[in-house]
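S.K.: These came from TrEMBL, pasted as-is:
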BINDING   C86, C91, H168, H173  Zn(2+) binding site
Amino acid sequence: MKTMALHGFLEFFQREKTFRPKKRFNQGTIRYSLHKQANASLQSGINLKEVVRLPPGENMNDWLAVHVVDFFNRINLIYGTISEYCNETTCPTMSGGQKYEYLWADGETYKKPIQLPAPRYIELLMDWVENQINNETLFPVSTDVPFPKTFSTLCKKILTRLFRVFVHVYIHHFDRIFSIGAEAHVNTCYKHFYYFVMEFELMSAKELEPLAVMTAQMCKD
């Protein structure tokens, strides 16, 4: 059963079109090893609450960097499966139902929070995340270069914003996810994300609220 589930999981992520190219780790680096370790644990069917724990002797910032990049890649792939159904007509605002709406601001081009259609919001969000993780002063590639003191704060901000894509996809586009038979795989990605941010207190309860009811049902293990 686990082998079949793993096959379906890999097939889903290899088959569907991506929203943008994957960010990859260089082979032979500590972060590449941690990335492989995290993925192997995820794919083996081990309890996800255990998978997210910091391995003994590993650096927390390295573990955080690996997961932020992996979540960025996976959420890109998930959004890629529904992006053709997410347009200015179907999704005129970046929302999660009637109760939740997200405004975009990046402190540079958009200094004040602004209402945007969901696809434009998500495009800007992904551009912003990509710029952060490709900036070697923020996400050092070499272990000789120390992480900035603000690294964990930046990761919290990135994960909080990536969570909003989950909110939009689950509330407005889950019918598409279900129609292609990918709900189990998307749910696994979500649970992995949720357990990780809970393990290290990376998101507030207020930010997690839009999917709180679903999460309570899904994350009982």
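Glycine is treated like the rest: Cβ placed from N, Cα and C.
A TrEMBL annotation is a machine prediction, not a hand-curated record.
Any idea what these are sitting next to in the structure?
M.R.: In the structure as shown, the Cβ atom of H173 (Zn(2+) binding site) sits within 10 Å of 20 other Cβ atoms.
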S.K.: List the same-chain residues at least 6 positions away in sequence whose Cβ sits under 8 Å from the Cβ of H168 (Zn(2+) binding site), in sequence order, or say none.
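M.R.: Non-local contacts for H168 (Zn(2+) binding site): C86, C91, M94, S95, G96, A118, I122.
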